[in-house]
Structure formats: C-alpha cells, structure tokens
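Engineer: Sharing a structure here in structure tokens format.
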C-alpha cells in the first residue's frame, strides 16, 4: 500500500510496482491510509514522511500501537535526508527509510526483504505429536485440501452463475459449517467472502485485459446487474469500474481525481 499526498508520485510508484507483479492500494492522506490498511491488510506500507493532517510519523505510531496492524512493515519514502528525520521514522515504528529519488530495483529489493520477514516459522520448542495423532492430522489436512480444491475449482468454473454456499457444500459432500471452517482456516475468510473476492478479482482482470462493456464485465463476474456491480465495486475499491480501468488498475482514493 502507498500513502502519499502527491498523486503523481503515487501513480508513478504504483505503475512500477504493478509491473513487478504487485497489487497496489493507495491513499492520499494518513487518515485514509489507516482506514485502507485495516480494510486490505497489505503486505507492506510505503509512506511519505510529511503529509498534511496526520503525518507519516503519526500514522506509523498508530499502526504500531494497533494489534491488527502492528506486524505490517512500514517503509518511509522521503526527500528528507537528515538524521533527525530518519531517527524519527525508526522510532515511530518504521522498518526502513528510503530517500527520494530512489531506484525501483532498490525499492523492490527492500520491500521483498521486509515482506519475507513477516512469515512466521513454526516454534521449534513445540513438541512433535505422537505418530497416531500425526497420521490423523495428515489425513485430515489431505481431506480438507481436497475439499478446498474441489470447491475452488467449481467456483472458478461457475463464477458467472449464481452460487450459494449451501449448493457448494452439498456438491462437496460437507456441511455449510464445515466448508466455512475449511475456508476460514486456509483463506482467512468464509466461503461467501471467497466467492465475492473471486468475483471482484475476475472483474478487475476483465476491466484491464478486455474491451468488454461494464455490463458484460458484471455479467461474466457473476453480479446481478451493472448497477449492483458498480455500487459494490465502488464500495470495495473506492472508485467506479470505469475509473479503475482508466487508472490502469491502481486503487486510489477518489480525491486523486480532483487534482
């Protein structure tokens, strides 16, 4: 996620990161940056140091104090190259400080390092369960993976159709509650939330990779109507499908378009 009050910098950095395969979310001020961080739980935050209202330092302190956000690495991007600014950034909770102008290769390399550090390795102090329990656990994991793959494949194949969790669970031979548990464990969301996320993913792909009308995109992504799609898309991404296509897929706050 990028938080910067300079819309041109946001567009430039977003375009470079997207070319490297990153999904980018952006905000033009600290208040909206905090809101979007809670909504999207980004893998990392690239943030300007000085912004009107809540500064980058203010946002970093609030994120560091919030248990929902404290593990997200914050990298400051700033033209300020003085020691005081850098020390202030690190004391607020930042993990890195990159001065402008910078190389996109350097930015990407540092970003990858900090995102990899978020991966939590198993605690080696945990005792290995007995063989019988371990075999039961392996069988259970294998069963759940098969169910997950089967349902995911069905969702992807029938995304343009009306889908209900009841029918998906019946097709997989499990209860709705069990199916939701499997998705919650593996995807950190319910089955319904996964279907909805996939509809938006398909819609975004079609908006960027085809010339289909907004209505046709809505149909192929499984939305009931173009109006319902446009409303839901704006609620999720902060911009309309047409604006998303125009911006090349960068999710920016609507304030950018007022510049």
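Any Cβ shown, glycine's included, is placed from N, Cα and C.
All TrEMBL annotations are machine predictions without curation.
According to TrEMBL:
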DOMAIN    1-115  domain 'Response regulatory'
DOMAIN    149-247  domain 'HTH araC/xylS-type'
MOD_RES   48  4-aspartylphosphate
Engineer: What is the total of other Cβ atoms whose distance to the Cβ of the residue listed as '4-aspartylphosphate' is within 10 Å?
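Structural biologist: So the number of other Cβ atoms within 10 Å of the residue listed as '4-aspartylphosphate' is 25.
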Engineer: Run through the domain 'HTH araC/xylS-type' (149-247) and tell me, per DSSP, how many residues are helix, strand and coil.
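Structural biologist: Secondary-structure composition of the domain 'HTH araC/xylS-type' (149-247): 73 helix, 0 strand, 26 coil.
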Engineer: Averaged over the whole of the domain 'HTH araC/xylS-type' (149-247), what is the pLDDT?
Structural biologist: 91
